[in-house]
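For GLU74, the entry in TrEMBL reads active site, proton acceptor. Per TrEMBL, divalent metal cation binding site is recorded for GLU33, GLU81. According to TrEMBL, the feature ATP binding site maps to GLU33, GLU81, LYS100, ASP101. The substrate binding site annotation in TrEMBL covers GLU74. Residues annotated as transmembrane segment in TrEMBL: 36-53, 60-80, 103-123.
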Amino acid sequence: MALKDKKQIQKNRHFFQSLKHAVDGILHVLKVERNFKIDIIVSIIVIIVSFYYKISHAEWLWVIFSIFSVIIAEVANTSIETVVDLAADFKYHDYAKYAKDTAAGFVVLTAMMAVIIGAIIFIPKFIN
């Protein structure tokens, strides 16, 4: 077995090793989760619209907060679903369903918050 094929089982030795694993996790979510890809596309559109309408610094803070909140919720949801699937041995169980549904609900609530914030910022700009 080549050295690169060995799986790391001990604690990360330094910050950059931890950062690499974190980036690997985010890239994995981007690769396998359709909704995460949609979140990224919508985020890019929102950023373009924000530049077009020259939103204020305070509005930028809310836009960035909303974008990252949805992305963080999606990553957390994927993590929870993965661990639940593993714990349930990839079989149906009511508690596994509740955990996964609750995690998905977290994403929906976060997205609703982002839509409300976006509406408060952009509807007046669209009307004018």
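Backbone N, Cα and C define each Cβ position, glycine as well.
Location within the structure of each feature annotated in TrEMBL.
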residue	record	contacts (Cβ under 8 Å, 6+ apart)
GLU33	divalent metal cation binding site	GLU74, THR78
GLU81	divalent metal cation binding site	LYS100, ALA103
ASP101	ATP binding site	none
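Through the fold, the transmembrane segment (36-53) approaches residues 29-30, 59-60, 63, 66-67, 70-71, 74-75, 78, 118, 122, 125 of its own chain, all at least 6 residues removed from its boundaries and within a Cβ separation under 8 Å.
Residues 35, 46, 49, 53, 55, 59, 62-63, 65-67, 69-70, 72-74, 76-77, 80-81, 84 of the same chain lie 6 or more positions beyond the ends of the transmembrane segment (103-123) yet place their CB under 8 Å from a CB of it.
Counting other CB atoms no more than 10 Å from each candidate's CB, the recorded positions GLU74, LYS100 peak at GLU74.
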